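Scroll down for the structure; my scribbles are underneath it.
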Amino acid sequence: MKALIVLGLVLLSVTVQGKVFERCELARTLKRLGMDGYRGISLANWMCLAKWESGYNTRATNYNAGDRSTDYGIFQINSRYWCNDGKTPGAVNACHLSCSALLQDNIADAVACAKRVVRDPQGIRAWVAWRNRCQNRDVRQYVQGCGV
């Protein structure tokens with residue numbers, strides 16, 4: 001009985017924490033979902049962005065007190081413009097989805113929304129972490145050894 005309780009608590013903690021992808025697992029997943037070369041953006045750049053935005057964590061969130069918005073998920077997609085969290089003033093919801101969809105272990109919705117973000121004129125430059133950590137840098141290390 002104790003073993004079942006411990007197992008239940010372990011499983012509960014896993015579901016609360018969400019999925020933190022291993023580097024190569026995420027690279028393969030993003031490639032399968034059509035991110036490599038999407039709008040001219042290499043898979044290595046997407047991997048660099050995800051590393052510095054969320055640490056590959058699907059449940060990452062970050063509140064922005066200045067505009068009272070929140071960044072959600074593996075790509076840290078913002079509730080001011082891209083998703084609806086029901087609490088961000090003046091939200092646009094350009095991806096037409098709930099922000100909670102960006103926190104799922106299945107990242108298909110997050111990928112679809114990230115593709116929507118880069119179709120705007122700013123492209124991948126919409127992400128501050130990409131500009132600060134990935135732009136004009138050798139990002140091959142993020143996919144090295146992954147066979148992608």
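Note: Cβ is positioned from N, Cα and C throughout, glycine not excepted.
Out of C83, C134, C146, the record in Swiss-Prot bonds C99 through a disulfide to C83.
Figure note: comparing Cβ neighbours within 10 Å for the disulfide-bonded residues C48, C134, the maximum is reached by C48. Across the domain 'C-type lysozyme' (19-148), the model assigns an average pLDDT of 97.
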